[in-house]
Structure formats: C-alpha cells, structure tokens
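What follows is a short report on a single structure.
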Amino acid sequence: MTQDELKALVGQAAIAYVQPGSIVGVGTGSTVNHFIDALGRMPVRVAGAVSSSVQSTARLKALGIPVLEANDVTRLGVYVDGADEIDAHGCMIKGGGAALTREKICADLADKFVCIADESKRVDVLGRFPLPVEVIAIAVAQIMRRFAAMGGQPSVRANVLTDNGHPIIDVRGLSITDPEALEREINQWPGVVSVGIFARHRADVCLLGTSSGVQTLTYDRD
Ligand SMILES: O=C[C@H](O)[C@H](O)[C@H](O)COP(=O)(O)O
C-alpha cells in the first residue's frame with residue numbers, strides 16, 4: 001500500500017469514534033483530509049465541526065459540514081488529528097503543517113484525542129522530525145538562541161506564517177526523551193505561542209495504518 005492509501009485507511013477508521021449528530025473536532029493535514037472526506041460520506045452526518053485551520057475549514061465547508069468556532073463549544077467528545085511523530089506513550093510532535101496552536105486548542109477541548117497516522121510516524125524517541133514552534137515575530141532571535149544553547153539547530157520556516165499570523169521556528173537535532181518536561185519548559189519562554197510537543201495533550205488512541213491493516217494503540221493517562 002502507498003503512504004496515501006494508509007492515510008486513507010486510518011481516516012476512514014476514525015469514523016468509528018464519531019457520533020452521528022455530534023460536534024467533532026477536526027485537525028489538519030493530508031491524513032485528516034481523508035478523515036474529512038469520510039465525514040462527508042457518513043450516512044447520518046455530524047451536526048458540525050470545530051476546525052483547527054483555514055485549510056480544514058474550507059474542506060469541511062465544501063462538503064456542506066457546518067463549522068463552528070472553538071469559542072462556541074464547551075467540550076468536544078472527540079478530536080481527530082494526524083501527527084508528524086508519535087511515541088510509545090501517545091506523545092506527539094505536530095505542526096508540520098503550521099497548525100499546531102489551533103490544534104492544541106481543539107485537543108484541550110476534547111474528551112478524547114484520536115490520532116490517525118501511517119506507520120512511518122511511529123518513533124521510539126521524538127525529535128527526528130524538526131520540532132515546530134510558533135512564536136511572536138519580535139522574539140524569534142532570542143528563542144533561536146535558547147534552542148541553540150540546548151543543542152538544537154533552529155531555523156525560521158521560509159515563507160510561512162501561521163493562520164494566526166506568526167512565524168514558525170523548526171528545531172532540528174533534539175532528542176526528546178522527556179516530552180512533558182520539555183513542553184513545560186518551552187511554554188515558559190516569552191514569545192512562544194505554542195510548541196509542537198503534544199505531551200500534556202497526548203493522544204488517547206492512535207489508529208496506525210500498516211501494510212497489514214489498522215492497528216489500534218491505546219495509551220494510559222498518568
Ligand atoms: O500542522 C499540522 C499538523 O500537526 C498535522 O497533523 C501534521 O503535520 C501531520 O500531517 P500529515 O497528516 O499531512 O502528515
């Protein structure tokens with residue numbers, strides 16, 4: 001199977017977690033695009049979606065699925081999103097598509113985070129994928145110095161501003177053995193909007209697309 005076929009497989013499989021008539025949280029990316037298409041094929045559809053990006057909003061609306069603002073809901077039963085990497089505890093790196101801040105807001109609203117990913121995303125230690133960090137523009141230089149001091153190689157993502165109008169720093173060369181601690185630390189730096197480590201808001205379930213089918217991985221909360 002191709003990587004895109006694996007993404008389509010898990011996008012469809014995530015529908016099992018979606019209650020018809022409910023409001024669902026929708027992530028961003030090429031895997032989630034398959035999930036959105038599957039939402040459009042539900043015999044009884046969702047009542048609406050809270051979207052994590054302009055891109056997903058456009059795709060949802062094109063299928064006639066109403067999109068609500070995060071401010072308009074108090075909770076989401078389920079949030080479905082992809083990942084750039086996921087470890088054995090459900091901690092993830094996200095933000096390869098620059099949507100990390102809105103994704104974390106949606107994850108925070110959700111009772112259950114269902115991660116959909118092809119098997120290439122499963123890692124033992126996070127950090128092979130460059131860590132995305134959304135920052136306020138005037139703090140870029142200082143935040144890059146902080147990452148360099150901890151052994152990372154930061155660079156500003158060229159020609160990209162997030163949906164919130166901020167630049168992204170991508171940090172290569174980090175071996176993230178304690179995702180929770182690093183997320184907490186980076187969150188405290190002035191000028192950081194969001195860091196793409198999702199440890200506090202880790203996945204509850206990962207539907208992993210493999211050549212032998214969908215593997216369902218579940219993670220315990222401490
Ligand atoms: O900002 C983007 C998101 O975090 C995506 O969920 C992540 O980059 C995975 O995207 P894809 O499904 O395209 O690999």
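The backbone N, Cα and C atoms fix where each Cβ goes, glycine too.
Where the annotation comes from TrEMBL, it is an automatic prediction and has not been curated.
Sequence-distant neighbours of Glu103 (active site, proton acceptor) (same chain, 6+ residues apart, CB-CB distance under 8 A): Gly27, Thr28, Ser52, Ser53, Asp81, Lys94, Gly95, Phe198. Residues annotated as active site, proton acceptor in TrEMBL: Glu103.
The secondary structure of Ala83 (substrate binding site), as reduced to three states from DSSP, is coil rather than helix or strand. Feature annotation from TrEMBL assigns substrate binding site to Thr28, Gly29, Ser30, Thr31, Asp81, Gly82, Ala83, Asp84, Lys94, Gly95, Gly96, Gly97, Lys121.
For the binding-site residues given as Thr28, Ser30, the lowest number of other CB atoms within 10 Å of the residue's CB is seen at Ser30. Under a cutoff of 8 A between CB atoms, and with a sequence separation of 6+ in the same chain, the neighbours of Ala83 (substrate binding site) are Met92, Ile93, Lys94, Cys115, Ala117, Lys121, Phe198, Ala203, Cys206. Filtering Thr28, Lys94, Gly96, Lys121 by Cβ distance to ligand 1 (under 6 A) retains the following binding-site residues: Thr28, Lys94, Gly96.
The record gives Thr28, Gly29, Ser30, Thr31, Asp81, Gly82, Ala83, Asp84, Lys94, Gly95, Gly96, Gly97, Lys121 for substrate. Within 8 Å of the mean position of their Cβ atoms, the other Cβ atoms in that chain belong to Gly27, Val32, Ala99, Ala117. Following the DSSP three-state reduction, the secondary structure of Ser30 (substrate binding site) is helix.
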